[in-house]
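S.K.: Here it is: the structure, laid out below.
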């Protein structure tokens, strides 16, 4: 589950105490310098008159080596406190008590993740010489910071090649020389590609009134006895307008998952996607993971699902990273190499008009949103099932703007009652239905729904009301949405759309009822004994990163 979600950290940043002491702070700093020069005389009190020219000279000297809007420390005594040079003087910022200021990120971060509290300024990085009046290198090459010419492709590829590391120092979407191009509608056409220039863009430029409103319900993390009854309660005996059962997408993490239950959800037509093996709780792990590490986590998870949930029809094609930590180019390079179809980790900030899923071969149509996120910069043939933020306000038309939220549980600072949750669902549905009808996402963790009876009742009431009121609204999986985008069918003909009728209303007995309850160990998790429930035979070892099949042959 999301232990420290992106939204919670944003709320911390929203309440950061920005103490702006322009002259007072400057005088205090100057007082420290003057105190040494005057033999440590008594500190300057508030009545002391300070020479303004001396103050200006000191400030200029202090700020001469600092970059625009750069925060730095005066001392290493308090990692929460930094200052910044501005046009009107010095400005102070103090992080909340649970955080510390990260000089490299230039933002408050969780204290245990800040590794530069012993420094007063951020490390100076050498920039490559990519924009010079006269070219320094021949065609197809760029200059490192020291003037050495290197092939263009090696810049921002995740591996330092320049002696001064300048090829990897400036690699955001605006600096990567190999960055994805802007959307070009003449080249990016369906069914193979869709990119966005304007939020109102729809697939095939079809009018919104002719588009079925798709709703994608997702659940993250382990599937087991704690939530299978909830899923059965939500998705049984509820049909879309075409007569088929409503469907959802499950992003499954490995530990504590009952693969017998996963296989049954798949048999009934729900989509199973990967959410990692380890569910590593260190956010920087996902931001900094290499391509092989991403592959072990996600392709390894798919191998486990294939073997122990008996999903052998190549339908496990989606990825969502834990804690919504985007893995930059490495994540999407892995997805291309390992033949995943889509990602659903990237969050688009709250807007009046939500976004449709898009292809990452072109630049994202929104900013890289979220605290310390690392979004892809290069082009990738991967679909992004973008997570449009939801509006948490009870009355969006009259209340002041608030930051949006991606995971539903992060949209509420306190447990909502049934009426509040129903209003939340209705408001966000209307924003999609009355604009461009981009797919509406409801992204859950099961505990939020199961542990609040009013929330569950409101959700079921809302789903039933939607199905009873609208003939053009469908609860579908993420892959079903992509099927529609690649073969656009107007709402008048959607009842006969074959990809939405696959496993329409599955009947019959489960593949197995109890299956095997294997008690296993692995040397990758020393001292732990773990259970693996599956209809398939028990492996020799508990499946993990280096041994996803549990063969035990690597040790």
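Placed from the backbone N, Cα and C atoms, the Cβ positions cover glycine too.
Quick paste from TrEMBL:
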- 60-119: domain 'Chitin-binding type-2' (DOMAIN)
- 137-149: disulfide bond (DISULFID)
- 144-162: disulfide bond (DISULFID)
- 156-171: disulfide bond (DISULFID)
S.K.: If one looks at the chain holding residue 162 (disulfide bond), which residues at least 6 apart in sequence have a CB under 8 angstroms from its CB?
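M.R.: Same-chain residues close to residue 162 (disulfide bond) (Cβ under 8 Å, separated by 6 or more) are 128, 144, 145, 146, 148, 150, 168.
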S.K.: What are the DSSP helix, strand and coil residue counts for the domain 'Chitin-binding type-2' (60-119)?
M.R.: 7 helix, 22 strand, 31 coil
S.K.: So which of the disulfide-bonded residues is most packed in, judged by how many other Cβ atoms lie within 10 Å of its Cβ, out of 137, 149, 156?
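M.R.: Result for the most crowded candidate: 156.
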S.K.: So if I measure Cβ to Cβ from residue 171 (disulfide bond) and keep only same-chain residues at least 6 apart in sequence, which ones fall under 8 Å?
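M.R.: Residue 171 (disulfide bond) has long-range Cβ partners 155, 156, 377.
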S.K.: When the pLDDT values for the domain 'Chitin-binding type-2' (60-119) are averaged, what is the result?
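M.R.: Averaged over the domain 'Chitin-binding type-2' (60-119), the predicted model reaches a pLDDT of 88.
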